[in-house]
Amino acid sequence: MAPSLLRPASPCRPLAPAPCAAGPGRSRATVSIGDSRARCVALRAAGSGRSDFSCTTKASTDHSGLTRQLLDFQHDTVDETDGGYDPFSQLKERFTDFKQRNYVENFTNYQKLAEQQTPEFMVVACADSRVCPTSILGLQPGDAFTVRNVANLVPPYEHGASETTAALEFAVNSLQVPNVLVVGHSRCGGIQALMSMKSKKDDRSSRTFIRDWVSLGKSARLSTEAAAGNLSFESQCRHCEKESINSSLLNLLTYPWIEERVKEGNLNLHGGYYNFIDCTFEKWTLVYRPGLEGGSKYAIKNRSTWS
């Protein structure tokens, strides 16, 4: 059965600042950069309950001093380590291997990419470390303009500016990509957070950045509860993982410049679902029929599962 289609989600509300105070389940740390004043940071401990934003401060301007240090950096400088574990050692080896096996062997192509990019896809994927669209789909540099966020959500147009909407605007209007692909996945922590939210209006003191962000998928949660509310929580989350993809596809059509290109036939909207439990990938394409009367304007076509 093809995943059902949903109405666009409603925009989320701004966060309310929380008082600067330590509490149970949170430890405190002091962060100091340059001559900026120390600021308090609330860290969520493993197994703790709610996490608050302990204080808000204005952004530091000390980054200019850090940038000057980078500009003064000499490329022949030996890597500085403290003799312990270096988390970058493997990354360095992988980069060197990439340069020799990929960049050097495809030098002409990379020279062209240095001048211009013409990606075939705009990909919206989850920030989950287990879901890397480049590795899963074998994407090479220049193939896809990509943005990743928690639960691979696309906010509706009225939500306003975000890193996701900015990436969409650039990809569609400037790069004029012919395809937008929204990729969801199994056991998504963002969807689990969405499905764990109470139906009633949440108390403001329990709000976090994550909570406010995944609230964009509220319509997917409500639709899931109506269609699969009698199933286990795990099954409901699995259902909602696909519902939220379709919700994001419909949210894409709330952007005037996306809807226009879709109606003109210059842009296609696709959904994808990666199940890393059994390593399968399901994909489908959204059909948009704005002039249709007496029926749904939306349908799914070209659905297939790769296994």
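Just so you know, glycine gets a Cβ as well, placed from its N, Cα and C.
According to TrEMBL, the feature region 'Disordered' maps to residues 1-28, out of the candidate ranges 1-28, 85-112, 225-252. The local packing around Cys188 (Zn(2+) binding site), expressed as other Cβ atoms within 10 Å of its Cβ over all shown chains, amounts to 24. His185 (Zn(2+) binding site): 24 other CB atoms within 10 A of its CB, across all protein chains. For the binding-site residues shown (Cys126, Asp128), fewest C-beta neighbours within 10 angstroms: Asp128. Note: the Zn(2+) site is recorded as Cys126, Asp128, His185, Cys188; in the same chain, Ala125, Ala127, Arg130, Val131, Ala151, Asn152, Gly184, Ser186, Arg187, Gly189, Gly190, Ile191, Glu241, Tyr274 also have Cβ atoms within 8 Å of that site's Cβ centroid.
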